[in-house]
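Student: Following this message is one structure expressed as structure tokens.
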Amino acid sequence: MDAAWEALIAEYRQHLATERSLSPATVRAYDVDLRGLAEFSGVAPGRVTLAQLRSWLGQLLAEGAATATLQRRVSCVKGFFAWAVGEGHLATSPAVRLRAHRQRRTLPEVLTRSEMDQTLQTLAVAAADGEPRALRDVALVELLYASGLRISELCGLTRSDVDLERGVVRVTGKGNKQRVVPMGLPARQALQRWLDVRGRLATPESPDRIFLGVRGGALDPRVARRVVQAATAVSGHTVSPHALRHAMATHLLAGGADLRSVQEMLGHATMATTQIYTHVSDDRLRAAFQQAHPRAVVTDPREG
């Protein structure tokens, strides 16, 4: 790869990590995208054209890249070239007129309230003997559902982030933005039971994290994901931790919570991201109406 690309990408990675506070995973993804563009273009950064950028995206589309992936790559190259111009490394950006494909909004899979109850009851039964890992798993799933945390946010929680007396959690989300979210009594009780036995997994080297692995280290998000998948299998679904976040938002809105409050609890930057859950609730309400209401005529009897 061209030495100019190497230097600019390295400097841009530093900018993303320190000045924009992006996660290591996001920084790595941007690095991969930019290296892919460098190899595709075969020219120095200052000689890349809009036509080349469009050809690069076209190739990715032909290879079956998802719309969300294409959008991320457009965002990546636009941000990279804008930064390079701002820092004086390049005179102009070839990506100014680059546009992303429109992404179709898909409704997330959401567990019903009864499915969540079944999941949590099954976990509670498994933890009845007080085994630490089982109590940890109950607390993990209860908190994900109660507070709508992302799995990375949950695994990053420290003891000082949780106030059981007040029933709130201080969460550090994307871009190191902090928010305070409530949790209900079942989650508080589950957390207390886990914290009472946490010392049985902890070692002198254990970090000050709420959730630990079986060897006393910080709980790996991949392990947490497997916990959720195993727990929800009893409901007939095998879902990701993010599905519990979807369930929390959908059930709140169905229960009458206002959209702005749900947005704040989820840590969404814009209302548009939160609004997808109103569509989920609307679909469920419509289905219930058509199934149960005596005057819910699906088709006009005069037709046919």
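A Cβ is built for glycine as well, from the same backbone N, Cα and C atoms used for every other residue.
Copying in the features that TrEMBL gives for the protein in this structure:
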type	residues	note
DOMAIN	3-85	domain 'Core-binding (CB)'
DOMAIN	106-290	domain 'Tyr recombinase'
ACT_SITE	Arg150	active site
ACT_SITE	Lys174	active site
ACT_SITE	His242	active site
ACT_SITE	Arg245	active site
ACT_SITE	His268	active site
ACT_SITE	Tyr277	active site, O-(3'-phospho-DNA)-tyrosine intermediate
Student: Translate the DSSP assignment of Arg150 (active site) into the three-state scheme.
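Tutor: Once the DSSP labels are grouped into three classes, Arg150 (active site) ends up as coil.
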Student: By CA distance, which of the active-site residues (Arg150, Lys174, His242, Arg245) lies nearest to His268 (active site)?
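Tutor: It is Lys174, whose Cα lies nearest.
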Student: Can you count the other CB atoms that lie within 10 A of the CB of His268 (active site)?
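Tutor: Step by step: centre on the Cβ of His268 (active site), count other Cβ atoms within 10 Å, giving 18.
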Student: Within the domain 'Core-binding (CB)' (3-85), how many residues are helix, strand or coil going by DSSP?
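Tutor: Helix, strand and coil residues of the domain 'Core-binding (CB)' (3-85) number 69 helix, 0 strand, 14 coil.
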Student: Between Arg150, Lys174, Arg245, which of the active-site residues has the fewest other CB atoms within 10 angstroms in the structure shown?
Tutor: Lys174
Student: What is the separation, in Å, between the Cα atoms of Arg150 (active site) and Arg245 (active site)?
Tutor: 7
Student: How long is the line from the C-alpha of His242 (active site) to the C-alpha of Lys174 (active site), rounded to the nearest angstrom?
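Tutor: So the Cα of Lys174 (active site) lies 15 Å away from that of His242 (active site).
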Student: Quick check: in three-state DSSP terms, what is Lys174 (active site)?
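Tutor: Note: Lys174 (active site) is helical by DSSP.
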